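Reading through the structure tokens given below for one structure.
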Amino acid sequence: MAPSFTARIQLFLLRALGFLIGLVGRAALVLGGPKFASKTPRPVTEPLLLLSGMQLAKLIRQRQVKCIDVVQAYINRIKDVNPMINGIVKYRFEEAMKEAHAVDQKLAEKQEDEATLENKWPFLGVPLTVKEAFQLQGMPNSSGLMNRRDAISKTDATVVALLKGAGAIPLGITNCSELCMWYESSNKIYGRSNNPYDLQHIVGGSSGGEGCTLAAACSVIGVGSDIGGSIRMPAFFNGIFGHKPSPGVVPNKGQFPLAVGAQELFQCTGPMCRYAEDLAPMLKVMAGPGIKKLKLDTKVHLKDLKFYWMEHDGGSFLMSKVDQDLIMTQKKVVVHLETILGASVQHVKLKKMKYSFQLWTTMMSAKGHDGKEPMKFVDLLGDHGKHVNPLWELIKWCLGLSVYTIPSIGLALLEEKLRYSNEKYQKFKAVEESLRKELVEMLGDDGVFLYPSHPTVAPKHHVPLTRPFNFAYTGVFSALGLPVTQCPLGLNAKGLPLGIQVVAGPFNDHLTLAVAQYLEKTFGGWVCPGKF
């Protein structure tokens, strides 16, 4: 299934356009944009900011710390750091302090034992941030789209309501890419978010504001969404944990845009956090009744797991080569699992992985079981009302007059060209079904697959425009409908986060979450920015 000559020419032209746009963007980075004395925020000095959500909840339940002190500590950190990273785009500090005071009052008045409190409110008093694409009552819900800049949520998204019901206290909403369809979080309403490990680098997308907010210790737990890597890429680029659950477990209701058609089956809402021990408790709350589909309380014996690994996609002509730093880090994990843990570890070559981008595109262009057509991106740009001409918007963008970002304009222009003919669709659909069958049979109920999160560490701003297909390293697992946990593995020589994806078979999320905790214990997990 080698690419045709015509396809190669189209790709060359697309890359050339991306390169030119990237040059313009990088020139803008040098000539304009905010300037800071330091390229990273100050390290954390407040001990409360270095505790997991579970630890904070326990201390609050035991009345060893006041909730209001925890919330105030986070507000102080946000005021100090957020102007540099632009992760949180709307605060709700006054409301959060009132809610924290109510928690302290409740604990002072009620003498319920700790076990009862934990059962009722597992995240009692724990600070939370939420991706702006989700409804949080009284907060904007634009997804970075200028047409929706005045949209205010009248209610909470289902997962937000569940977390608030579990005692979490939202501090604000976080930035995302325009319409959540690009892997750099920047839009015309809120501007660009910056990586706390180096402000000149991207935070990923589309849940990038959430990623950098958590990494900079401005929050401890957060809500993200993922249809092609929108939880996992920001988690990777910002050195935190993120989990894309098995499809259909966590409700998606209350976010914009909400996928329709076949995309609805692959859009996933999931937890993001600094500490691996918070992942499973968050997932239990966020899933609601859907938690019955998982086996999160099953004890996992890591030594008995079968580990499989692959260091790159096999050589797709669409994507960059994987950095040696990432390959060497993955091999360190493999050696440790084999020699120290004593587990079964096997290197594999899944040849169909080189079609990752094509498989994701096939998923995104498929009709739903009910015959619904997939949502058209150009319609979303107009918020299903205003007509948008992508070519005219490109001309306006060149003149500095468009209200849309260049990735959105480019995607709208290419949308129809990226849709496959029925013949190609059927061909790649067969490849997807074959690869999924191969992976599911290989993993079974006791296997995990270790795979690069991205070909490179967090690139500099605008560079993704020259490497538009690299997201397929995460996108392929969305297309395959498998659960994935993104795990941090320290920093490279330049102080940028390293990491890896841990993949399991359908509804075996408990395996990837257990491996995440082990890797955190072994390799150190999240590293506070500014300490490098």
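Cβ atoms are placed via backbone N, Cα and C, with glycine included.
TrEMBL lists coiled coil at one of the ranges 93-120, 289-316, namely 93-120. In this structure, of the active-site residues Ser206, Ser230, the smallest number of CB atoms within 10 A of the CB marks Ser206.
Ser230 (active site, acyl-ester intermediate) sits 5 Å from Ser206 (active site, charge relay system), counting Cα to Cα.
On the backbone, the CA of Ser206 (active site, charge relay system) and the CA of Lys131 (active site, charge relay system) stand 9 Å apart. All protein chains shown were included, and the count of other CB atoms within 10 Å of the CB of Lys131 (active site, charge relay system) stands at 32. Within the model, the domain 'Amidase' (69-513) shows a mean pLDDT value of 96, rounded to a whole number.
A strand conformation is recorded for Lys131 (active site, charge relay system) in the three-state DSSP classification.
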